[in-house]
Each structure stands twice: as structure tokens, then as C-alpha cells.
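Q: There's a structure below that I have some questions on.
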Amino acid sequence: MKALVILGFLFLSVAVQGKVFERCELARTLKKLGLDGYKGVSLANWLCLTKWESSYNTKATNYNPSSESTDYGIFQINSKWWCNDGKTPNAVDGCHVSCSELMENDIAKAVACAKHIVSEQGITAWVAWKSHCRDHDVSSYVEGCTL
């Protein structure tokens, strides 16, 4: 019985933690999902963005008290403008997606929303990209990856 309880907690912690991508694994996944060069944004820039936004973690969240909104998932997509979490006041839901879907291990919906955001606002919609990736050599983010 004790072993079952421990096993249950182990599975629960994996479910809560989500998937933390290895850098090259994420590069291959983003390329497969069509982000390499999408709207002129290189794969290396997407890797830099996701590293600084979420450390490649699909379950990452960050609450923003000033806007009473939350950023979700590997791209840290905001509930005020892009997804519906059912609790953010005056949310727009521009991607027409539940915020919880942006935290799935299968990141196809998160990528689709990121494509929508970059189509409307460009890569500068992400503060982490402006702070850590813009005007930097980001080639190291894809270096050594078999793409």
C-alpha cells in the first residue's frame, strides 16, 4: 500500500511539472511545426525566446498582478490577450484557446497561438525576446542540433 501511495505522488509530480524539453529536441519540434523562418523569425530566435520565457517548460506559469493576468506554457502566452483561463478580467482570447491547452506536452496548440501572435504583433510581443535575444548572436541555441 505504501508503495502505491509513493507511486501516486511520483505520477502526480510528473503531471504537474509537465514536459521540460531538451534544447535540440525543442528545436526539432518547432521546426517540424513550421516555426523555422515563420514571419522571418529564425529557429534560433524561437529557441532563445522559449529559453528565457519558460526554460523550455510546457507547464510554466507566471502571474502578473498589475494586469491580473497569467502567462502560460512554453511561450508564456498571456491570458489577458491570447487565451482563456476563465479568471482574467476583460480577457480578449485572441487565439481562441484555453490557457490550459497551452501547457500540454504536445505543443502544437501553443505553436499555433505563437504563430498568430507573431503574425499580429511580431516577435517583439515577447518582452524576454527583446531583453535577451534581440541584437544578440542566438546561433548557439541551435548549435550542435541535428535538424
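For all residues, glycine too, the Cβ spot is worked out from N, Cα and C.
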Q: Consult Swiss-Prot and report which candidate among C24, C48 shares a disulfide bond with C133.
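A: Swiss-Prot lists the disulfide between C133 and C48.
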Q: Have a look at Swiss-Prot and say which candidate in C83, C95 forms the disulphide with C113.
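A: Within the candidate set C83, C95, Swiss-Prot assigns the bond with C113 to C95.
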Q: Of the recorded positions E53, C113, C133, C145, which sits closest to C83 (disulfide bond) by Cα distance?
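A: Going through E53, C113, C133, C145 one by one, the closest to C83 (disulfide bond) is C113.
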Q: Using C-alpha atoms only, work out the spacing between C95 (disulfide bond) and D71 (active site) and round it to an integer in Å.
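A: Spelling it out, the Cα of C95 (disulfide bond) and the Cα of D71 (active site) are 14 Å apart.
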